[in-house]
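The following features are taken from TrEMBL:
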- 8-128: domain 'MTTase N-terminal' (DOMAIN)
- Cys17, Cys53, Cys91: [4Fe-4S] cluster 1 binding site (BINDING)
- 151-381: domain 'Radical SAM core' (DOMAIN)
- Cys165, Cys169, Cys172: [4Fe-4S] cluster 2 binding site (BINDING)
- 380-451: domain 'TRAM' (DOMAIN)
Amino acid sequence: MSTHFEGSTFCIHTFGCQMNKHDSERVAGMLEGLGSLPVASIEEADIVVFLTCCVREAADTRLYGQVASMKNIAVREGSPFDKRYIAVGGCIGQRDGEKLTEQLPHLDVVFGTHNLGSLPGLLSSAIENRRQAVEVLAEGTEFSSALPADREHTWAAWLPITVGCNNFCSYCIVPYVRGREKSRPLEDIAEEARRYGEAGVKEITLLGQNVNSYGRDLYGEPRFADVLDAVDASGVERLRFATSHPKDLTDEVIARFGTLRSLMPALHLPVQSGSNRILAAMNRRYTREHYLGLIEKLRAVVPDIALSTDIIVGFPGETEEDFMETYRLVEEVGYGQVFTFIYSKREGTPAAAMEDDTPREVIQERFDRLVDLVQRKAWEANQGELDTIVPVLIEGVSKRDELVLAGKSPKNQTVHAPVPAGLRPEDLIGTIVPVAIDEARTWYLSGTVVDA
Ligand code: 5AD
Ligand code: SF4
């Protein structure tokens, strides 16, 4: 391919989960490698890449609308190309393939979740042949970590350890668009972590749809605890991981929260529902009692561990009593953060065929009640930090005030603190500084930097 990308610009729009955010760093790395320059908006970009999500309907319809609205967008002045090029990848690309190019005739490239690395070739082919280029593979062996990257932050890195999912929760489209679970060899993970450690990366977040089953396909047994040990040994200061499935969280992994230097005292453990009847219909393969037992074990190791979760309201057949079981579970656990979702029917999943007659207003009312509770519990969880000094990894400045630093505590709480006199934000971004907390709100803590 002899396409010249020099002088061109690109922007990436990313929807959905952290895996897509990680993939978008790889897309940026590949396009920069070709000589294209990143820009912030579609208006300035000659190449627009969408990394899409179809886990719920809202993001799905938005993508089609957004690409449709770009139909008559003029070529940028100074562009080396004759038109603006649009590429759609990620989960919608994987699911819809050629349907996308049929419905959106001005769309140039479609790629899937298994062939991120094909994007440069597909773009070149679309530019040279003036034809739509589509490639979606049923399965892939490639880990996008092997591709060049332009990481969003130099001090933080996402590190995928598995891709795909074998769980087939009855509401979820992910196993159909991300394929079966595949683990990366432990040595590759350890090597990547070591490189990050040497490069001064402060925080590594391990990624996978269900990190706790890591290794089952490669070693015949889960070896997630070994991954934690290897990454801890890299010297990186902070280690986190997402996402965990409660059915696979082992005692061995729970024990690591007490022994590993870098493992942060925070865990995202999606419960989805507090009703055993609904959990069974969701094919989650654990009970409310099992889940609460895990929380108890975690708190025996780290008494003030920060817990977060995902909850779906309005799963087909959910009754008021089922919902109240969820409500009471949220009250009992006392999460610092809860991601609440209204059930969204996804064609092709088993739940899509289940009878679903709960009126929309009833579901909305349950959702609103739950959100109120979540806020109250989040406020309560933050009060424990008042009058303590917490080490904060500074990520940038507050959206509302650029003289206020914003960062994350070990428990993943957002922390604000004024830039200390005589320093600029750039001096502290990417470093860990102690902050004395004097205010605890629902969604953030604030305080003062001490002896930075
Ligand atoms: N409807 C609503 N929420 C969903 N999730 C996954 N599938 C659906 C769906 N069909 C939620 C789950 C999951 C999170 C990433 O998205 O709570 O944990
Ligand atoms: Fe979807 Fe369940 Fe797999 Fe999570 S564990 S990605 S909810 S099927």
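Backbone N, Cα and C define each Cβ position, glycine as well.
Positions of TrEMBL features highlighted on the structure.
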| residue | record | contacts (Cβ under 8 Å, 6+ apart) |
| --- | --- | --- |
| Cys17 | [4Fe-4S] cluster 1 binding site | Cys53, Val55 |
| Cys91 | [4Fe-4S] cluster 1 binding site | Gly16, Asn20, Thr52, Cys53, Cys54, Val55, Thr113, Ile173, Val174, Val177, Arg178 |
| Cys165 | [4Fe-4S] cluster 2 binding site | Cys172, Val174, Pro175, Arg178, Arg180, Glu181, Gln209, Asn210 |
| Cys169 | [4Fe-4S] cluster 2 binding site | Gln272, Met282, Asn283, Arg284 |
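In the three-state DSSP scheme, Cys91 ([4Fe-4S] cluster 1 binding site) falls into the helix class.
Less than 6 Å separates the Cβ from ligand 1 in the case of Cys172, drawn from the binding-site residues Cys53, Cys165, Cys169, Cys172 in sequence order. Same-chain residues with CB within 8 A of the center of the Cys17, Cys53, Cys91 CB atoms, the [4Fe-4S] cluster 1 site residues themselves not counted, are Phe15, Gly16, Met19, Asn20, Leu51, Thr52, Cys54, Val55, Ala59, Gly90, Val174, Val177. When averaged over the domain 'Radical SAM core' (151-381), pLDDT in the model lands at 97. With respect to ligand 2, the binding-site residues Cys17, Cys53, Cys91, Cys165, Cys169, Cys172 contribute Cys165, Cys169, Cys172 as residues with a C-beta closer than 6 angstroms to one of its atoms, given in sequence order.
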